[in-house]
Each structure stands twice: as C-alpha cells, then as structure tokens.
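J.: The structure that follows is given in the form of structure tokens.
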C-alpha cells in the first residue's frame, strides 16, 4: 500500500532546496570551513618548520657547501657621475638556496610569504663589494618576497637601490667607453662554506628593463657576468661580478666645446686677410681668440675629475690653442718687418721729399719779376754815358704767369706680406689635416666590451 507524503517529507525537501541555494549539502564542508582548515594547515606547517629551527646556522653545516644561486633584474640604471666616478642602479635582487630543515608536506607545494618570515630563517649575508651606499626599500612595507617549496628550496627577492663605484679611464674622453662593475658576495662565509652561482646562463642572469635606462650622456650597450675568487686575510671568498658597458654620447660636447674651438681657430685666421698696417684690428683678433680659447679650456674641465693625464678633448683644445696663439705670433712677425724702412718688395715705405730749387724770381702780388738793380747816375761828372746806363738798367717788372706745382711723388704702399700669403694656405691646411686625423682615430675605435675580473 502506497504511503502518502507527510509533513516530514515536505520539510526534508525544503531543507535540501535551501542547502543547495546556500552552497551547502549534507556530507560537504562550507567554503568558510575550507578556508579555516587551509589557514590552520598553513599555521601548523609554519609552526612545524620553525620548531627547533636555528637561523644562526647555515644549511648543510658540517655536511656540504651551501650553494646560493642569484640573478638580477635591473629596473632603473643611472645616472652616472663622471666627477665622482659612480653610478646608481635600482634592482630586484634574487637569491635561491636549499635548506633541508624547511621541507614540508601538505596540500600546497609552495608557501608564499613576506618579509616577516624572512627574519626568522637563515638568509645569505650578501653585500656589494664596490657599493658606496645600498638602500633596501621599505615603503609601505619592506619590499621583500619569500617563497618556500616543499623540497626546502627558497627564493628570496628584495628591491635595492645601490650606488656603486665605477672606475673610469678618461684618456679617450669624450669618445670613451666604460665597464661599470657590480660586485657582490658573502661577507662572512668563505668559499669552503658558501659559494655563489648564476641561476641561468650568463646572457639571462642579469636583465635590464627596456625602459630602465636613465642616462643622458651614455648609451647602455649591454652587460656581461663573471665570477671569481678574492683572497683576503680571512680566507678566499667567491665574488660575482656584472659589468654594465657604457658608451658616451658625443653630441653635447660637440655643441659645447668642439664647434666653438673650431670657429675660434677659423676666426683667428681671418686676420691673415687684413692689411698688415691694420694693427688695431689684427691685435683685437689675436688677443680675443686667445682669451676665448682659454675660457673654453677652463669650462671643459669643470665636469671632469682632476685626473693627472690629458684627455682627448684636452689634446684637441691644446692644438686649437696653439693655432690661435701662432696666428698672433704670425701677426707680430709681419708687423715687425712692416715698421722697417723698406717693404718686402724693396720699395721705400717713406715717400721721398721733393728737392727745393732756388728761384731767382721774386714773388710779388702773385707775379714774378727778376731782381732790378738801380744805378744812380753821377751827373756831377757830366758823363753823358752814365745817364744812358741808368736808364737802360731800370726794367719795369713784367707780369709772369704762376708756375704750376710740381707733381706729388707717387706714394708707395706695403705689398701683401709673403708670410701672410703663406699663412693663408698653411694654417687652414694644417688645421684640416689635424681634424681629419683626430676624428678618424677616435671615432673608429671599438669600445672595450669586456673588463677583466681578477681571479686568484
């Protein structure tokens, strides 16, 4: 006999429907229960890992050498200071090693933790050998990451800003290239206890972000990695080295130094085309260009450290200074010979004065008349001939036309100096040859892409 459904059956159906809507069913835990269970599992795993753990002891103490694998991701490179010979770099510094004491078994394969756990376990005492100042970012919390896998392998990542030394050889400045190193290793553990290795192959162990360059005067050509051993009084230590290869941009220095020097030399050679009697003009050309070169040489050195050797720019400025100073000396030489009595063509510089000719005529009222001699007749003696002589000796002055002035002597000017003629050709030719050799030598040099790392 079939039994009709009762009140209990209706209640069972409604209970099953409501449990379906709320995500619950008989025999299955709720989501909150699952999260609570996972949190409990995490807590128990961490408590078990740290139970009896001594973070003062390195992994494998007394059994094996601890291997620390590293790689670097550069988020920002620069700026570079030539004066202080240093550079600034912002990196994500990653280290990985294995600690058997941190093995675990659980529903998860990786424990993702933050800096709080990192302070409770052993971590490598890595420091930067050539670092002047290193800063670990702490805003808003310490920028540190820790991952622990079930086999005890740890990944420890931190964000650092490092200001490191970059030894520079400025002989080729400003066509120079540099390899700025970043050296790091263990501070306390020798290579018998802790060794460092690159995580990946050399080409991928250090990576620079595409937009990571913060350089105005340099091009970042690339980077290379290396490793070596450094001997000290406390033992031998493994040192990992990364070289960042830089090539200086020359555009700024062409505009600020090279072009002004070239234009100053050309301006100094304009004086060769001026008349050698133009002493003030040629003196102004010479003195002004010499002072200009002096100012340029001083300003070019302001951005560089006080090195004891001459740079490529120093040689260029020195040669330009020599050309400008030689132009001034050339004018002094020409002027010295110009002051003498004869020019280079043998003609007299001082015009000859016309000789004075005595004129027997007397000028009177713009007329010329010969000198008249009067004889007084002696009538007392009664000599009739004397009266005749007196009469004939007196000659009335005749009007004479004014005599034309003698032609002025032809003025003799100094011809163009032979020294000036020679300088007009020699100076530009020599300066052009110098520029050709200078730029061909320095621009065709290949940058040194590999800096040596000492191995011992």
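Cβ atoms here come from the backbone N, Cα and C positions, even for glycine.
So Swiss-Prot says this about it:
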SIGNAL    1-27  signal peptide
TOPO_DOM  28-253  topological domain 'Extracellular'
CARBOHYD  38  N-linked glycosylation site
BINDING   94, 157  4-aminobutanoate binding site
CARBOHYD  138  N-linked glycosylation site
DISULFID  166-180  disulfide bond
TRANSMEM  254-274  transmembrane segment
TOPO_DOM  275-279  topological domain 'Cytoplasmic'
TRANSMEM  280-301  transmembrane segment
TOPO_DOM  302-311  topological domain 'Extracellular'
TRANSMEM  312-333  transmembrane segment
TOPO_DOM  334-421  topological domain 'Cytoplasmic'
TRANSMEM  422-441  transmembrane segment
TOPO_DOM  442-456  topological domain 'Extracellular'
J.: Cβ pairs under 8 Å with the transmembrane segment (280-301): which stretch of 254-274, 312-333, 422-441 has the most?
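T.: Of the candidates 254-274, 312-333, 422-441, 312-333 scores highest.
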J.: Could you measure between residue 166 (disulfide bond) and residue 94 (4-aminobutanoate binding site) for me? Cα positions, answer in whole angstrom.
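T.: Given the Cα positions, residue 166 (disulfide bond) is 23 Å from residue 94 (4-aminobutanoate binding site).
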J.: If you count Cβ atoms within 10 Å of each one, which of the recorded positions 138, 157 comes out on top?
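T.: Result for the most crowded candidate: 157.
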J.: With DSSP, how much of the topological domain 'Extracellular' (302-311) is helix, how much strand and how much coil, in residues?
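T.: Tallying H, G and I as helix, E and B as strand, the rest coil: 0 helix, 0 strand, 10 coil.
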J.: Excluding the flanking five residues on each side, which residues at least 6 beyond the ends of the topological domain 'Extracellular' (302-311) place their CB within less than 8 Å of a CB in that stretch?
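T.: Distal contacts: 82-85, 170-174, 318.
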J.: How big is the gap, in Å, between the Cα of residue 94 (4-aminobutanoate binding site) and that of residue 180 (disulfide bond), rounded to a whole number?
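T.: Spelling it out, the Cα of residue 94 (4-aminobutanoate binding site) and the Cα of residue 180 (disulfide bond) are 20 Å apart.
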J.: Give me the CA-CA distance between residue 180 (disulfide bond) and residue 157 (4-aminobutanoate binding site), in Å, as a whole number.
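T.: On Cα coordinates alone, these residues lie 23 Å apart.
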J.: Using the alpha carbons only, what distance in Å do you get between residue 138 (N-linked glycosylation site) and residue 157 (4-aminobutanoate binding site) once rounded?
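T.: Rounded to a whole number, the Cα-Cα distance is 13 Å.
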